[in-house]
Protein chains: 2
Amino acid sequence: MTEGLRERKKLATRQALHLAALQLVAERGLDAVSVDDIAERAQVSSRTFFNYFPSKVDAVVGLDPTTPFQVSSDFSARPATESPVQALRAVQRARAQEMAEEEELWPLRMTVIDAHPSLVQRLIAAFGEAELALAEAIAERTGTRVGVDVYPTLLAAVQGCAMRISLQRWVATDFTASLPDLVDEAWDALAAGLPAPPRAAT
Amino acid sequence: MTEGLRERKKLATRQALHLAALQLVAERGLDAVSVDDIAERAQVSSRTFFNYFPSKVDAVVGLDPTTPFQVSSDFSARPATESPVQALRAVQRARAQEMAEEEELWPLRMTVIDAHPSLVQRLIAAFGEAELALAEAIAERTGTRVGVDVYPTLLAAVQGCAMRISLQRWVATDFTASLPDLVDEAWDALAAGLPAPPRAAT
DNA sequence: GCGGAATGTTGCACGCTCTGCAAGTTTGCA
DNA sequence: TGCAAACTTGCAGAGCGTGCAACATTCCGC
């Protein structure tokens, strides 16, 4: 079934390290947790920790390095009849759905991340890594050129903002809101050109 | 004129450290420059370095910690007849103008930053610091509520994107483009709701 | 099963980052 | 001129992150 003992052990160790990091930081805060602490709880040496994650913050955030690039390949897989904005909204909705379904993992993850600026920064950086790839996919679809036109680069960047703000609001509602709905709200505002919302009658 | 010898010396030291950091990183790359190197070139002890900047990357980026908050106060100072998007565009245009006028500093700064992901990350984080303050100012102006409505938070975040992408494109054109014009281009796309641009007739 | 190749784990040594503390020095001000 | 406040510096120390070499485990063909 799974591809060999070795692969399974590696995955287990990785998850153990991520979970340990997450729990410890939730308990004590980022600064009060050392790499040694995390390694100890995950039952490996601190040297081994660095075989899995390049830094403490990476272990806490715990994203698979390939995850960010999923967005650009998902985008390319959307029907060509959709506008870029429609396609990105759909991609993010789907992603949001997946996150919301992992009820154990993502809320804990986001709670911890949201409480520490350096973790938020790392999460944003993770989005940023795939920005060029996504910009190229957008350029491809729209006949624009990365490095010449604003459009692909800007849209790729704004897409990251939309997801970030949606996640932030999800945390703020204590995960009572529907993440896909929050994503939709953000894209509604973006697609409309960010007009000042009508003032609610009081 | 300037307020005392002490203040002037502090400012001079700060600028010396920033310039030293910038030049050294431009010459050798970020990883090949240590805090000791920077301190030595600026003629202070490495301990003193940390009295001015909390880390190496901060010294290279070299932003005054109050700078990011300028955006939100400038925004609040714009006439209330402008829409939030119009006001932010105007604020950024003005800021872009100032940057472009410091012909010695900003191009070098941006060249160095653009070449190192961790510096880009730090610059983005600097924008992020003021995001809450800006969101509150936007909420104030539009009668929305931070933490409830998407609008203020999203717009504050997107504004950072617009500036970031404009700067990135400025670097990409080797500073031949007009930064205020690049800012305008970004806001044109945003205000229109990010529609796919018409394909150029070939 | 067996043995060698590939892969993973660990300890060690090292350089760098950043902080607190306790001098010593310079500036501000009456 | 002299005291108080502020700045600089060296030192000690904890933690991060990496290269290296030895050891252990898994894989795979036979």
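Note: Cβ is positioned from N, Cα and C throughout, glycine not excepted.
Range B:34-53 is the one annotated as DNA-binding region, of B:34-53, B:94-113, B:134-153 (source: TrEMBL). Taken residue by residue, the domain 'HTH tetR-type' (B:11-71) breaks down under DSSP into 46 helix, 0 strand, 15 coil. Taking Cβ pairs closer than 8 Å, the DNA-binding region (B:34-53) reaches residues 13-14, 16-17, 19-21, 23-24, 59 in its own chain, all 6 or more past its ends.
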